[in-house]
């Protein structure tokens with residue numbers, strides 16, 4: 001396994017972490033009184049858009065899963081439209097799952113949906129950028145020993161960390177601490193964000209430490 005490839009992965013992931021930090025810092029210079037807690041819905045939008053743009057740009061520049069086949073313009077348009085549909089369906093699915101796990105059904109609909117969009121940006125969008133609208137490839141990557149590259153291993157780790165972070169973030173909500181960050185869905189979205197950032201840092205380090213044991217087979 002080439003060290004240069006791991007360094008590229010680490011650099012890309014650090015850039016993603018830095019961009020997320022900027023979404024909490026930069027708006028404060030433009031928007032008077034902006035805070036992640038006070039304007040949480042706006043921050044959810046900003047963070048989701050920023051993560052999406054950075055992920056798409058990095059995928060176009062680094063091309064971690066570049067196909068040897070050249071596709072036509074029509075195929076690219078069709079692939080793009082499928083990705084948009086998959087992303088929207090992912091937002092709806094996450095929204096439904098979040099409601100089933102106890103989020104308000106009618107109240108705070110905007111908050112719940114934007115949280116679903118954030119989760120989709122951390123997970124589904126990354127899959128779409130790397131694997132495209134190919135459900136079989138998604139199932140392969142997230143199955144045991146299914147990754148065929150360090151990029152797919154990183155995708156596994158960051159996706160799992162994001163979802164686990166969102167789940168752990170829900171634990172403080174029912175507690176009677178009466179803190180502003182316990183308002184739905186602040187703690188969950190922050191948990192997902194910290195989980196995603198942790199996954200971005202853990203992934204290249206874990207791959208580096210286990211590089212001798214990792215054997216990727218093309219499929």
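Quick reminder: no glycine exception, Cβ is built from N, Cα and C everywhere.
Just so you know, TrEMBL annotations are computer predictions that nobody has curated.
Among the ranges 134-152, 153-171, the one that TrEMBL lists as transmembrane segment is 153-171.
Residues 9, 13, 101-102, 115, 119, 122-123, 126-127, 130-131, 141-142, 147, 187-196, 198-200, 202-204, 206-207, 214 of the same chain, all 6+ positions outside the transmembrane segment (153-171), place their C-beta atoms under 8 angstroms from a C-beta of that stretch. Sequence-distant contacts of the transmembrane segment (83-106), counting only residues of its own chain at least 6 positions beyond either end whose CB sits under 8 Å from a CB of the stretch, comprise 112-113, 115-117, 119-120, 123-125, 128, 132-133, 170, 184-185.
In this chain, the transmembrane segment (112-132) does not touch the transmembrane segment (12-31); fewer than three CB pairs sit within less than 8 A of each other, excluding pairs fewer than 6 residues apart.
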